[in-house]
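S.K.: According to TrEMBL, the protein has these features:
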type	residues	note
TRANSMEM	12-30	transmembrane segment
DOMAIN	194-320	domain 'Right handed beta helix'
DOMAIN	336-452	domain 'Right handed beta helix'
Amino acid sequence: MAYKNIQIKRALLFVAFVILMTIWLLILGFHKDPYIQSTLGALSVASSENEYFISVSGNDTNTGSIDSPFLTLSHALDYANPGDTVWVRGGDFKSHSYAGKVTISGKNGTEANPILVKAYNNEVPIFEYIKIQNSSWLELKGLTIIGAKTLPQEFQQIDHIYADDESVGIILGQENATTRQQKCAQKFPSYLDTVDYWLNNWSAGISIHTSHDILVSDNDVSYHSAGVQVREESDSVIVVNNEIHNNLNGVYTWKNTGDVYSSDDLLISNNHIFYNLKFGIFLMRYAQNTKVEDNLIEYNALTHIGINNGSNNSYIYNNRLKFGGYYSECMDYPGASAISVADGGTGNIIDSNIISDQIDYSANDGNGIISDYTTAGITAINNVVYDNMGSGFSSTHSGNNIILNNTFANNGYGSSAPRYGIRMSDTEDANNVIANNIIYKNANGGILLNNGLISQQEYIDYNLYYQPNKPIMLGSSVDANQQYTDFSQYKNGVAKDLGIDQHSLSADPKFVNEVAKDFSLSTSSSAIDAGTNTYTSINNKNINNVYDIGAIENLSTPNNNNNNGTSGQGAQSAICKGDYNNDDKIDENDFETFAKNYKKNDLDCTLDLSNDDCYLNIIDFVIFADSYSKQIECNF
C-alpha cells in the first residue's frame with residue numbers, strides 16, 4: 001500500500017534526521033548539554049549491545065544470529081537485555097503450532113535503552129497474537145498480527161449496511177424491546193451472530209497487561225475482539241502509526257475488579273482505524289489521561305470513539321472521523337454517535353476534530369458528538385461537525401458541557417426524528433456554555449433546549465445562526481410558540497429577557513467552499529472577530545482560537561488582541577507539530593527552538609508536542625523527528 005511505502009520512506013528519513021540533528025547540535029553548541037546527549041543516544045540504533053534474529057525456519061537451539069536464527073520471539077527475549085534488538089524475519093509464524101502465539105512476561109528495558117522487537121528490513125512477519133504482561137520499556141515495530149477468527153465477506157468492508165432480510169424495514173429505537181429483538185433476529189442474524197461469537201470468544205492482537213512504557217508502532221492488526229488492548233493498570237503506552245482494522249473493537253481498554261484504572265497516560269496517535277465491527281476506539285472502565293490525536297478513523301460499524309464507565313481526562317484532538325453507525329438499529333440501547341462520552345468522568349475534551357457522515361436509522365442518535373449520562377459534562381471546542389444523520393452535538397441526562405467555537409453544519413438529514421445543530425431535552429441538561437458556534441442549515445433548526453432548558457443554561461451568546469426558514473432556537477420540540485424563526489424577534493424578546501444571545505448574529509457565514517466541505521471563513525464573513533474571548537482557558541488548557549465564531553480561525557485578519565503568541569486554527573488546521581515559527585514548514589529554525597528548550601520547563605505549554613505536561617522530553621523528540629522528516633508543506 002502507498003501508506004506503508006510512506007512509512008518506509010519516513011523511517012529512512014528519520015535516520016537521516018538523527019544524523020542531521022547531531023550535526024546541528026554541534027553547530028549550535030548544544031553538544032555539551034547532557035540531556036540532549038542522552039536523547040541522541042537513546043535514539044541511536046547503533047547503541048544496541050546485541051542483536052538477535054528469529055525466523056520461521058529457525059530453531060531455538062541455534063545461536064540467534066542472522067545465519068542461525070532462533071524460532072520463537074519468547075526465546076530470543078530470554079537473551080535480550082536493555083538496549084538489545086530482536087530482529088524478526090518475514091514469514092508466517094502463525095502457521096507454526098506455537099511460534100505465532102507469543103507471551104512476553106517480566107521483560108524490562110530502560111528509558112535510555114528500551115528493548116526493541118522489529119521486523120527486519122521491511123519484511124513481513126505474521127503472528128496470531130502478542131501478549132505483554134508485567135513488562136516495561138519494550139517496543140514492537142513493523143509486525144503483522146492476524147487472529148484466528150474469520151469474517152463473512154459481507155463484513156470485511158463495512159461501508160454499507162448488509163441485511164439478511166431487507167423486507168423487515170427500519171427498526172426504530174423506540175419500539176418495544178421484544179418486538180425489536182424479533183425484528184433484529186430476522187434482519188441482521190449474520191451481523192449479530194458474528195459480533196456475539198467475537199465477544200464471547202475474546203482475543204486480542206497486541207495485549208498489554210500491568211505494564212508500562214510500551215511502544216506499539218507501524219504494525220498491522222486484524223481479526224481479534226480487540227486489535228490493541230491496554231488493561232489492568234497499564235501506564236504510558238504509545239500506539240502510533242498502526243493499521244488497525246477488521247476487529248470487534250480497534251483499540252480497547254479494560255480493568256478487572258480490584259484495579260483502580262484500565263490505562264493511564266495512553267497515547268493513540270497517527271493510526272488508521274477502520275472496518276471494525278463495533279468501536280474504532282473504546283476507552284472503557286476508568287481509562288485516564290488518554291490522548292487520541294491525528295488518527296483517521298472511518299467505516300466502523302457503530303461508534304468511532306467511545307469514552308465510557310468513568311474514563312476521564314481524555315483529550316480527543318485533530319482526528320478525522322467519518323462514515324459510521326451502520327448497525328446501530330440492534331444495539332442493546334439503540335443509537336450510535338461518532339464520538340460518544342457515556343457515563344464518563346471529568347475532564348474529557350473533544351478538540352479540533354472533523355466529524356461527518358455518522359448514520360443511525362434507529363432515530364435515536366447518529367450525532368457527531370454526544371454527552372450521555374455524564375454529569376460532569378464534556379468540552380467540545382473547535383470541531384467541524386457536518387452531514388451527520390443526528391444532531392451535531394447532543395446532551396442527554398448530562399449538563400455542564402462547554403460547547404465553544406464549533407461549526408455545526410447540515411446535520412439531521414435522513415433521520416425520521418427531528419434533529420438540530422445542538423440538541424438537549426432532559427432535566428439534567430442544564431448549566432451549559434454555548435458560545436462562538438456557527439449553527440448552519442441543520443435539518444430541523446439551530447438549537448433545541450427542550451422542556452424549559454432555555455432558561456437553565458450558564459451562558460449562551462456570540463453564536464452565528466444561519467437556518468433559512470427553520471427555527472433558530474427552540475424552547476420546545478412541539479410547542480410552536482416556543483420556536484423562534486425570526487432572529488430579531490427572538491433576540492429582542494425571549495433572548496433579551498433571559499440574557500442570552502445578545503451578541504449573537506444571524507447571517508450567512510460565507511464559508512470558503514461549502515460544496516467541497518471547506519468550512520473555513522472567507523475574508524468577508526461576519527463571523528470574523530465576532531466571538532468572545534471569555535473562555536480562554538478550559539480545563540487548564542490554553543485555548544487560542546476564541547476570537548472568530550466557528551471552528552476555523554481566519555488568519556488573514558489576525559485579531560490584535562491575541563496575546564497568546566500563536567493563532568490556533570482549530571479543526572482543519574495544518575497537522576504540523578513542531579512548526580514553532582508558523583511558517584508552514586518544519587525546518588532548521590524550528591529545530592533550533594526545540595533544541596534550546598529540550599528538558600526545560602515550558603510553562604505556557606506552547607512548545608509541548610505530546611502529553612501536555614509542559615515539558616519537552618524523549619516522546620516530544622520522537623514526534624518532532626517524525627514531523628521534521630516529512631519535509632512537506634503543512635497542509636491538512
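Easy rule for this one: first residue shown is 1, then count along the chain.
Positions of Cβ are set from backbone N, Cα and C atoms, glycine also.
Any TrEMBL annotation is an automated prediction that lacks curation.
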S.K.: Over the span of the domain 'Right handed beta helix' (194-320), count residues by DSSP class, listing helix, strand and coil in order.
M.R.: 7 helix, 70 strand, 50 coil
S.K.: Please list the DSSP helix, strand and coil residue counts for the domain 'Right handed beta helix' (336-452).
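M.R.: Grouping H, G, I as helix and E, B as strand yields 0 helix, 44 strand, 73 coil.
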S.K.: Express the predicted model's confidence over the domain 'Right handed beta helix' (194-320) as a mean pLDDT, rounded to an integer.
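M.R.: That stretch averages a pLDDT of 98.
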